Each structure stands twice: as C-alpha cells, then as structure tokens.
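Structure first, commentary second.
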Amino acid sequence: MPAIVLIGAQWGDEGKGKATDLLGGRLQWVVRYQGGNNAGHTVVLPNGDKFALHLIPSGILTPGVTNVIGNGVVVDPGVLLTELAGLDQRGVDTSRLLLSADAHLIMPYHVAIDKVTERFLGAKKIGTTGRGIGPCYQDKLARVGVRVQDVLDEKILTQKVEAALEFKNQVLVKIYNRKALDPQQVVDEVLEQADGFKHRIADTRLQLNEALERGETVLLEGSQGTLLDVDHGTYPYVTSSNPTSGGAAVGSGIGPTKITTVLGILKAYTTRVGSGPFPTELFDQNGEYLAKTGGEVGVTTGRARRTGWFDAVIARYATRVNGITDYFLTKLDVLSSLDTIPICVGYDVDGVRHDEMPMSQTDVHHAKPIYEEMPGWWEDISHARTFEELPKNAQNYVLRLEELSGAYISCIGVGPGRDETIVRRDVVR
C-alpha cells in the first residue's frame, strides 16, 4: 500500500491539517517528518470542534491511526507535554503517538539563543518564531545535538549538555549579556519532562517500513511549505529543514521508492508570515479582504499573515521541486464576492519576463507580478460537493490554476470543515 507525502506548495499555512484530517479515516499511520513547533495545523471536525496542533500530527484526531513524530523533527519536550495534556483534556486518545528515538530535542539554551539573536539582529532579522528551531538544527548538523534517546541514559545526556553549555554560555554571557544556564538544572528539567514521554520512544523507521510491508497506508505530513525549504525556498528567509518531498524520506526513514503520491496543498490565493520576498503581496483593500475573510492569523505565532493573489510561478516551481502528482486547493470559498480575480502568471524582473522562478535572490526581490484576470463569482459555494455544483466562473478559475500549476487538482476546499470538500479524484491509490 502507498506512502503518501503531503506538501505545502507555497509559504506554509495552506491548510495541510484539513487535508490530513480528510484522509484520516483511510490511513493507518500519519508521520511528521520535519520542523518543530514553529508551524501549526488547524483541524475543524464535523461537530464544529476546532483543534490547533503545533507538533503532534493531525492524524491524532482520527481514531485508530498511529501517529509518529519522525527522526527529522526537532521536539520541544515542554510543548509536547502541553499539547498532549490539552488533547487529553478534550477527550482525544493520545495513546497511539510514537516518538522517534533519533529526533532531536530543543533544549532551553536553543530557545534562549534564538530569542536574543533575533533581537540583536533588529531590522535585519529573518523573522523566526523564536522557539529554538534553528539553533537545534544547527547543533544537529554540527553533531553536538541531544537526541530523544539520550533521555534514557542520564550520563550521556549530562555529558552532552555540559559540553554544549561550555560554549553556549559564553555566547549568552559575553555577546548577549544574558545569564548563564546551569547544566545540572537543564538536565534535571529535561529528565523530569522525559518521564511524561519516555514510554512513547520507538524505532519508528523500522515500524513504518514494517507497516508498509503489511500493506498499510502511511501519510507523511510536512509542516510549513516549499518556499520555506532551506534548500529550495526564498533563502535566507526560510526554515532550517526540508519541508519538500525529499525531506519526507530522510525525516521518516521510509525509502523514496515507497512513495506513490505527492499531494501538494495550494491555497486559492497566497499568504506568507514573517520577512522575505512576496511578489503578489497586496497592500490595499483586497489584501484586507483576503486577510479578514480567510482568517489569516498564524496558528503558532498569532502574527497576521501577509496576503496576495495566487502565484502560478511558485506553484509550477513547487510541482517540479516536489514531483507533485495531485493538488488539494484550499479556501476557494474565500474568493467568493470578488468581481475579478487576478492570477500571477509570470514576473517582470527589471524589464525581463520570467515564467519560471528566478535563479537569484536579487531577482526574486525585484520581481513584479504579471497578472491575467479571471471573472469572479458571488454565489455561496460552501455547500458544493461536486465540481459541477460550483459556479461556472469558479470552475474556470480552478481549471486555470490546474493548467498553470502543472498537476491535477484532485480536491477542493470550500469551507473550513472536514465535510466542506469536493473530491474530483481519489489520492489514495
């Protein structure tokens, strides 16, 4: 049976949680393969209950699904325990959550350094969430990180923390004029937190591969989006991991030949949180309309999202970079009540037309959108359950996005609820 990768095709916040939730009843496993609690998924159940998840996979809300925090994720122990407690309080069964022994832990010193670094950079800041994600990945690549399995051996944990703080305390005290952290206090805090999740630690790469061999279906759930990928995104305004499909194999331990479907999630317009280039960004009443109607506030940060028209250049780019086979188009309903809807089909960069993503960072910053306009619609589309039930102009808009993006739009979101979805083609195949 298949391994399906779910990818954000823009700058994150595309509605990946809704897609996971929709597929949940047909999945046996849902896996987070990268990132940390610097991104959020919102899921609205048929009864109206709304859940905001930051670290735990969205499949936790579907009974019978085993959820995995994979080796490519960086885990804040406190956030994990808080999120689990919140789900438990609301009656959600969290017993089927596993934690890769090889995932890295976000330590208190990662958070401290992240926050003071952003403040120090001031206007030149990248716009991180200040949750220690980047510093944790830095330690991982420098081979000095603390892994989940280290909480099972206090001696190893202590050695790693002492070695890390020998250098990081120098940075905190001498560069940023902050207090030094006590190694033993850090160790004690982490071990106390570990008591709440040690029973979940597992060899998840083995379990996932055995599940596929048994014919079970696995969904690999990315956080953030393609344009935030550290290699393929709008560098340096990116995250510290690989949300793209290549990261799914690395961050889960599933071989790439096991992946049968790459489902890209596209918002019917474009949003971005934080700093960085955004060619179709709107600063007028249209931008305000999209932000207000779409409820564009970051789940994790609470920051207002920047809004703009649909950008087909980055959609085509995402299709190629990820090998996307299908798209789930979300928030089409937000565009109702617009007379015309512009679509960015290319960029003007200093007088030269670009139909594909510019190679250089400078060109991306200089890019001005080239628009074509589509007629809008005024009908309420939230009750449409087949493509044919959409207004003709809405159908034409979807078909044009499909043509420009280069992959079939299999699902269309017409509202926030799980049932407010049109399925044109089954993505579980």
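For all residues, glycine too, the Cβ spot is worked out from N, Cα and C.
Note that the structure is a prediction, hence the values are computed from the model and not measured.
Taken from Swiss-Prot as is:
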BINDING   12-18, 40-42, Arg305, 331-333, 413-415  GTP binding site
ACT_SITE  Asp13  active site, proton acceptor
BINDING   Asp13, Gly40  Mg(2+) binding site
BINDING   Asp13, Glu14, Gly15, Lys16, Asn38, Ala39, Gly40, His41, Thr129, Arg143, Gln224, Thr239, Arg303  IMP binding site
ACT_SITE  His41  active site, proton donor
BINDING   Val299, Thr300, Thr301, Gly302, Arg303, Ala304, Arg305  substrate binding site
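A simple way to gauge crowding: the CB of Gly15 (GTP binding site) has 22 other CB atoms within 10 angstroms, across all the protein chains here. Recorded residues Leu332 (GTP binding site) and Asp13 (active site, proton acceptor) have their alpha carbons 14 Å apart, per Cα-Cα distance. The CA atom of Val414 (GTP binding site) is located 16 Å away from the CA atom of Asp13 (active site, proton acceptor). Put plainly, the binding-site residues Gly12, Gly40 were compared by Cβ crowding within 10 Å, and the winner is Gly12. Calculated from their C-alpha atoms, the gap between Arg303 (IMP binding site) and the residue listed as 'active site, proton acceptor' amounts to 12 Å. Around the Cβ of Val414 (GTP binding site), a 10 Å sphere holds 26 further Cβ atoms from the protein chains shown. In this structure, the binding-site residues under consideration are Lys18, Arg303, and the one with the smallest number of other Cβ atoms within 10 Å of its Cβ is Arg303. Following the DSSP three-state reduction, the secondary structure of Leu332 (GTP binding site) is helix.
Ranked by Cα separation from Lys18 (GTP binding site), the binding-site residues Asn38, Gly40, Gln224, Ala304, Arg305 are led by Gly40. Across the binding-site residues listed here (Ala304, Leu332), the residue whose Cβ sits among the most other Cβ atoms within 10 Å is Leu332. Annotated pair Gln224 (IMP binding site) and the residue listed as 'active site, proton acceptor', C-alpha to C-alpha distance, rounded: 7 Å.
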